[in-house]
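The Mn(2+) 2 binding site annotation in TrEMBL covers His147, Asp180, Asp245. If you look up TrEMBL, you'll see Asp149 marked as active site. Marked as Mn(2+) 1 binding site by TrEMBL: Asp180, Glu215, His495. Marked as active site, proton acceptor by TrEMBL: Glu214. Summarising the annotation, TrEMBL assigns substrate binding site to Asp245, His278, Thr381, Arg394, Ser467, His495. Among the features that TrEMBL reports, site 'Important for catalytic activity' is placed at His278.
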Amino acid sequence: MSPLIKTSTLRVLFSSRLPVLASSSNNKFRPFCYPYSVSHKAEPKKMAAERALPQIFQYVDQNVESYKNLLKEAVAIPSVSSDAKHRDDCVRMVEWMKEKLKEVGATTELRDIGFQTLEGKQVKLPPVLVGVLGNDTNKNTICIYGHLDVQPALKSDGWASEPFELVERDGKLFGRGSTDDKGPVLGWLHAINAYKNVGSELPVNLKFVFECMEESSSQGLDELLMEKLKPEGFFDTVDYVCISDNYWLGTTKPCITYGLRGISYYFLEIECAKMDLHSGVFGGTVHEAMSDLIYLMDKLVDKDGKILITDIYKSVAPLLETEKQLYNTIDFDPEAYRKSIDAYKLPHNAVKEQLLMHRWRYPSLSLHGIEGAHYQTGAKTVIPGKVVGKFSIRIVPNQEPEEVEKLVFDYINKKWAERGSPNKMSISAQSGRAWTEDPDHPHYQAAARATKLIYQTEPDMSREGGSIPVTITLQEASGKNVLLLPMGAGDDMAHSQNEKINVRNYIEGIKLFAAYLYEVGKLPK
Ligand SMILES: NCC(=O)N[C@@H](Cc1c[nH]cn1)C(=O)O
Ligand SMILES: [Zn+2]
Ligand SMILES: [Zn+2]
């Protein structure tokens, strides 16, 4: 190609629907070698970004301490969305992030999404942070979604250090939200900031949607996206959607994710009295709520993990031969996985393909806890007056939340009738849909190139057992390809005690995001 090729000619070449970097795929990957020999004058923006990458990577390496410090600040805000006591912290977290986004040059807006019923009260939902950075019609636009809320955490749950104090041990940054999802959200900021600091224009326009209710079923977000942002034209210019809110499958090999399970979360409430009762005084003279609840919860799943709810497997997408083949090549070691969680034994005879399928494409039911039950140390002799059993079903492609909820309600009502208890029982649910995407899309190829540049290995195309309820909504709202680009490793223990992100994953993740922006910037407009 002539070094003096004009931008317009280049655009014609770009617009062929071939993968833009197809020419590099036969060669050994050469990190900073631009496949087109184009003069800086002819294509200043693209060339600027191209030349900037090595400087960006160097800049990132020089700023590790400041990245850790910013994550420390974010982790210190206990933005637990499920707890009304932390609602002000959630609002503070969103406002904190708004300032950070403004500092990198974005225009920002906090969008009100109304109220929710929490602990019997009407509680205001934290606002959603919406941002825009750049509006160059020659550039692709990526919509980035992330969440700023976290799961609850107490030191007494078994954390080695305070959960809301980021602490570094052995190259790992421990703290609630470090990997889910504050580290990755900050990663985007750092990548943008690095472009700016090396004096390079961003290769893409960016739009941001950062919420603070993801860990509580993203309440209010779908309505904002579909009934407000979409009609207002927010998605009109969006070409791609990217979310970094999941993890590698293992601890060494990066992956890009094209599927998530959905979630159907249940609150099963049983009341036997208006207050808690002394078991010595009242035991033997009341129908106890807890016994009823244990009876019902025991009817949900068998010891091998098979869900006992009638017809629950009926609508699960059939396993096609083509899909079956995909599992063979995935890099996943069941024994390393077992050891990473210190489990005694894995189900499904620890067969790799079976484990992956039961994590990605079959539903699973988990029992989470009982609100109102005695759980502290000691021998409190109480009969709880009211208990709420919590369980959820990870739902999969072809299973619709409404259909699953109906099956669960019918089944619970049937078992309740069989129990014949005089107590008061009620059940409610919150659900989000499963999502899959086309991993052969040029967007995925761009992310794969970025990943290979950073980690020198071809990423696995994976699915994930967890849920990000908004993913499918963003896919529908934008009508564009959605991609999950994980930053953290498979042993990060999100939602668990001692959640962490490896310093390496955090820092290389920032570079990965910068490289991804560059690669998407090169995709045809
Ligand atoms: N990183 C995504 C994530 O952890 N999502 C949650 C979503 C959730 C929690 N409660 C209801 N939905 C998950 O558990 O998968
Ligand atoms: Zn989470
Ligand atoms: Zn998350």
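Quick reminder: no glycine exception, Cβ is built from N, Cα and C everywhere.
Note that TrEMBL annotation is computational and uncurated.
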Pairwise Cα distance maximum in Å, substrate-binding residues per record: Asp245, His278, Thr381, Arg394, Ser467, His495:
46
Say you check the Cα of Arg394 (substrate binding site) against those of the binding-site residues Asp180, Glu215, Asp245; which is nearest?
Glu215
Recorded positions whose CB lies under 6 angstroms from ligand 1, from His147, Asp149, His278, Thr381, Arg394:
none
So which binding-site residues are near His147 (Mn(2+) 2 binding site), with CA atoms within 10 Å, out of His278, Thr381, Ser467, His495?
none
Checking your reading of the structure: which of the binding-site residues Asp180, Asp245, His278, Thr381, Ser467 lie inside a 10 Å Cα sphere centred on the residue listed as 'active site'?
Asp180
Neighbour-count leader, CB within 10 A, binding-site residues: His278, Arg394:
Arg394
Beyond the listed site residues His147, Asp180, Asp245, identify every same-chain residue whose Cβ lies within 8 Å of the center of their Cβ atoms for the Mn(2+) 2 site.
Gly146, Asp181, Pro184, Val185, Glu214, Glu215, Asn246, Ile468, Ala494
Please report the three-state DSSP label of Glu214 (active site, proton acceptor).
helix
